[in-house]
Amino acid sequence: MYGIEYTTILIFLTSITLLNYILKSITRIMDYIIYRFLLMVVILATIINAQNYGVNLPITGSMDTAYANSTQSEPFLTSTLCLYYPVEASNEIADTEWKDTLSQLFLTKGWPTGSVYFKEYADIAAFSVEPQLYCDYNLVLMKYDSTQKLDMSELADLILNEWLCNPMDITLYYYQQTDEANKWISMGSSCNVKVCPLNTQTLGIGCLITNPDTFETVATTEKLVITDVVDGVNHKLNVTTATCTIRNCKKLGPRENVAVIQVGGANILDITADPTTTPQTERMMRINWKKWWQCFYTVVDYVNQIIQTVSKRSRSLNSSAFYYRV
């Protein structure tokens, strides 16, 4: 009997000793792994000095403070600037080194080499389809053209604001706009847009829903159309779908890291009077037209003042993807 008790006690003590040994071994192994990991982190931190310019990476968070207008301002070292210009600018300059020249000039204003990106676009229609406003700050140069002033004004409204859009099937359904922030956006090589307001019996008001020729014309041969109709009223739409797409969109608010610079023109585009533009902050500027070199020199000279009108933020880097979000 005493032998059985001694054996039980011995087994119990042996188990405790073995468990204690195992726990100590696990502790030593974990300490080894943790210390090695921390050592590697310290070593890598001393030899790696990477900078994230944010290109092709999502930017989220609250609005940052506007930077001071100074050629010695160090915050620009961690910011990127995209300058969008029409293809005719590079064609006129005809210099393979012109971007390098501008980069060196931007350096004198506190923008390091490699922080300024030059983005070329063919025309307003192509740019409106896929703006790709990737940088922390985005400046869009648009040369004034009296034949495209409506497209220019609506392009400014498109890129200076953020929109949530859904596709529309105008062959099957009637549509109505719920409030002032609700617009119908059409874009393509040639957009003709006609509307027919309907009463509560779905009969046309001043038009016949079966005859598009009686519809009210709101746009003719435009590349970009932002249509605003009477809220709360159903409409039958007629759009040249072969050369144009239309979407039902909601203006979410200002895209605060974008500024539009109008180049030349006697008339000045201004969308701040739009009641849906809140806050009504002027982020559209105009510079006199001479030659494209002169325009770029002006932008470089006043870049830090222009940056004061915008903020380093954006809900979506790829504005076209955000625009087509369904």
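In case you wondered, yes, glycine gets a Cβ from its N, Cα and C as well.
Sequence annotations record features per position, and here Swiss-Prot assigns signal peptide to 1-50 based on sequence analysis.
Among the features that Swiss-Prot reports, N-linked glycosylation site is placed at Asn69 (among others), with the record citing sequence analysis.
The annotation disulfide bond is assigned in Swiss-Prot to Cys82-Cys135 (among others) on the grounds of sequence analysis. In this structure, Cys82 (disulfide bond) is part of a beta strand by DSSP. Counting every protein chain shown, the number of other Cβ atoms lying within 10 Å of the Cβ of Cys82 (disulfide bond) is 21.
If you look up Swiss-Prot, you'll see Asp95, Gly206, Thr214, Glu216 marked as Ca(2+) 1 binding site, on the strength of sequence analysis. In three-state terms derived from DSSP, Gly206 (Ca(2+) 1 binding site) belongs to neither a helical nor a strand segment and is classed as coil. Taking a C-beta cut-off of under 8 Å and a sequence gap of six or more, Gly206 (Ca(2+) 1 binding site) has these contacts in its own chain: Pro197, Thr214, Glu216.
Under the heading disulfide bond, Swiss-Prot lists Cys165-Cys249 (among others), citing sequence analysis as support.
Per Swiss-Prot, the feature Ca(2+) 2 binding site maps to Gln177, Asp228, Val229, Asp231, Asp301. Sequence-distant neighbours of Asp231 (Ca(2+) 2 binding site) (same chain, six or more apart, CB under 8 Å from its CB) are Gln176, Gln177, Thr178, Asp179, Glu180, Asn182, listed in sequence order.
A 10 Å cutoff on Cβ-Cβ distances gives Cys191 (disulfide bond) a total of 26 other Cβ atoms nearby, all chains included. Among the features that Swiss-Prot reports, disulfide bond is placed at Cys191-Cys244 (among others).
The Cβ neighbour count for Cys207 (disulfide bond), using a 10 Å radius and every protein chain shown, is 20. Positions annotated as disulfide bond by Swiss-Prot, on the basis of sequence analysis: Cys196-Cys207 (among others).
In three-state terms derived from DSSP, Asn238 (N-linked glycosylation site) belongs to an extended strand segment. Per Swiss-Prot, N-linked glycosylation site is recorded for Asn238 (among others).
The N-linked glycosylation site annotation in Swiss-Prot covers Asn318 (among others), and the record cites sequence analysis as its basis.
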**OP:** Could you say whether, by DSSP, Asp228 (Ca(2+) 2 binding site) belongs to a helix, a strand or a coil region?
**Re:** coil
Subject >> For Cys207 (disulfide bond), the one of Asp95, Asp228, Val229 that lies nearest, given that the binding-site residues are compared by Cα >> reply: Val229
Subject >> Local Cβ density at Asn238 (N-linked glycosylation site) - other Cβ atoms counted within 10 Å >> reply: 19
**OP:** Would you identify the secondary structure of Glu216 (Ca(2+) 1 binding site) according to DSSP, in three states?
**Re:** strand
**OP:** Quick one: pull the CA-CA distance for Cys249 (disulfide bond) versus Asp95 (Ca(2+) 1 binding site), whole Å only.
**Re:** 41
